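The feature active site, proton acceptor is assigned by Swiss-Prot to 640. Look at Swiss-Prot and you will find 345, 346, 347, 348, 349, 350, 351, 352, 379, 548 tagged as NADP(+) 1 binding site. Positions annotated as D-glucose 6-phosphate binding site by Swiss-Prot, on the basis of similarity to another entry: 548, 578, 579, 580, 581, 582, 616, 635, 745, 779. Residues or ranges marked as NADP(+) 2 binding site by Swiss-Prot: 742, 755, 785, 786, 787. If you look up Swiss-Prot, you'll see 1-170 marked as region '6-phosphogluconolactonase', on the strength of sequence analysis. According to Swiss-Prot, the region 'Linker' annotation covers 171-276. Under the heading region 'Glucose-6-phosphate 1-dehydrogenase', Swiss-Prot lists 277-910. For 689-711, the entry in Swiss-Prot reads region 'Disordered'.
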């Protein structure tokens, strides 16, 4: 490339919302255009700067290296190299000759440009202690600014956590902890910050030029970086983004910052918001309201040079141009948003016992938008009051955890929630039914939008009244004549937006929908097809929540998945495994990756085996029609237990965002071979001979019975209600470590636990030495404890003790979010980490389908075990090959936290 070709391509630079975008075709094109762009910026600034000096900040990383190499080769832009002043934007705290040193990786640039480093380069002296290094470099940068008055050019990139330079989110917290706390580097008294490390205003108190920061994501933890304010004041800020991943990050940053920007988390947005200057102003005097002309009112000094996508700026423009872009992309609460939650199968037990109570608690906690509709769709013919009377008993149970609230407040909340609920009778397979549903749906959504519209106009006249602010007044209808007239009196053309009463005026109101399919999977496709054909949302997004089971083997899953994805894309699908919504389960990742002792020991060198147990005292009486076609393996092993395994064995992800966690889970699943029949024992419970009944128990499924007592189960059914199997993970970390799955119905206790058993000390001759064990109990209580050996007091014998690591009274929470409460909120926010991806399900079925087929083809009969026992006796021999039972282990911590406010049973999906 030569200068003339670059100038032609530069004519295609687009400006969108204070950012210039220069697109390139490939990496070679990127490296040349970026080099020419930087050289052109240097040349232009030498022409206008006093004495021709240009101050340039260089950031590290791999991306700019090839760009800098090309800069050395450019001859057709004449630059006075003797007047170039460079400084290192960020540096790793390593010696200058270290392979990770930013200076070491770019020093060729100074050599090729004949830069006198003593006179023309400012860099940190990493031979000093970190404190002295920071203070010394801070003084150097201060001298540089005093001498040259400003920074002309800052060349930057962006990391996977949105960091720029070495300013790692949360910026204020990172800088404060590493620099000011206990006066480590700078005087803490100079800060008078707001007591909220997320607040943008805190950044203005960071007035030094150079800071010490730390990161756990990269090889070199200790970093030296110039301040965000110094970079923001650069006359030209150039971002080099040379891959799809980096461009996705940039777009994601813009999306997340659309409503309410957080500079502490997205520092590049701070540079954008300070990028509009009066330099080279080219004011467009016409009154065209076109978006591009709007943004040309000032000179933008932030430039993104991109590579990886064609028409990247078009995709960026869509964020701003779409009427509904705000809600389509943003995870933040939108004050202009109506959220409609549609529950298909609302008359079933899942909806009554789980979904509606979870929504009610979110409503009570103000976690959902004030503008909210909840519409139940079912085949059962009944009026709304009859339907609501069936769910209100479960809603009232939720209020038990709000002990401090008055009875009147609780009544108001129930009434307010009821006024947001609706009921529609329809048929899932009838297109006509969905046509009628669409008319009903759009009518009530428009009514809610009008409420918001009138309330908005009311505010324009100086009133702060909002029709949805008071729960007790939520029964107000827009058809209320007096209230409507009052609104129209306030909404005069004088006080409302231009053309507000015009027939083509479109009120900027977003309607987002969450569709919960609390249905059997064979109804999924017809429901989604009819909804897409007749009811598709044109004013916002549709998010689809699906309940298990997702097929009954690999082939049926592939077919179901194909049909679902023909109607809605993967980004819209939220597949629920309710175990991922449990509070302790969601804490497994942080438990592992924030505790050094656990992270360093979680591999085959230290771990003897992992045992995951999920036992229930309930049988399946009353639910046999659902359970019998699936059995225990499909019910809990292929989903819940496998998900728990991925969370405790996955590698440390790059970060904890949705995609990174999903990728690491998939790596584990891909490493698990199919389960062998010889490593499996199945069982089926029968009526016990000496079972002691609980006189207070009214639950038929907990009373002594045989599996075949359920009237919906064939007397010859061989469906297993119990299974123990051995899995392996063929990865470097876990090769050869047996994973024991054990689960069943009608057993001796209710528990879900993970036991990580360690190898014994090599060479130990003490046969009584029990293995150390790290135990995590997920339900019916939450507990963590460690089994270890100590010497008995007064003798030489060893004994086993338990170190209680359970949450203490100080952190005790009476109101722990229930799984569905968490999952519904995560879906609303657009977070997918706690949901199962299509690829995860594919691998899950791949692991279990061969075993399921072999059991069916060979008609393997399950071993019998008594109701209320621990399962088939033969299981002990299989497990003992891999797991050291040791002494009876019945210890429980003194304080444990209930894992769920509700009973945890999902088998009866209607």
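Here the Cβ of each residue, glycine as well, is placed from N, Cα and C on the backbone.
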Rounded to a whole number, how many Å is the Cα of residue 616 (D-glucose 6-phosphate binding site) away from the Cα of residue 347 (NADP(+) 1 binding site)? 26
Inter-residue C-alpha distance, residue 581 (D-glucose 6-phosphate binding site) and residue 379 (NADP(+) 1 binding site) (nearest angstrom): 29
When you tally the Cβ atoms that lie within 10 Å of each candidate's Cβ, which of the binding-site residues (349, 616) has the highest tally? 616
DSSP helix, strand and coil counts for the region 'Linker' (171-276)? 47 helix, 17 strand, 42 coil
Among 742, 755, 785, 786, 787, the record's NADP(+) 2 binders - longest CA distance, Å: 21
Using Cα positions only, nearest of the binding-site residues to residue 640 (active site, proton acceptor) (349, 379, 745, 785, 786): 745
Once the DSSP letters are reduced so that anything not helix or strand counts as coil, what is residue 786 (NADP(+) 2 binding site)? strand
In whole Å, how far is residue 347 (NADP(+) 1 binding site) from residue 745 (D-glucose 6-phosphate binding site) when you measure between their Cα atoms? 26
When DSSP states are folded down to helix, strand and coil, where does residue 579 (D-glucose 6-phosphate binding site) land? helix
Composition by DSSP (helix, strand, coil) of residues within the region 'Disordered' (689-711): 6 helix, 0 strand, 17 coil
Site with most surrounding Cβ atoms, counting all protein chains shown within 10 Å, from the binding-site residues 379, 755: 755
Least crowded of the binding-site residues 579, 785, counting other Cβ atoms within 10 Å of each Cβ, is 785
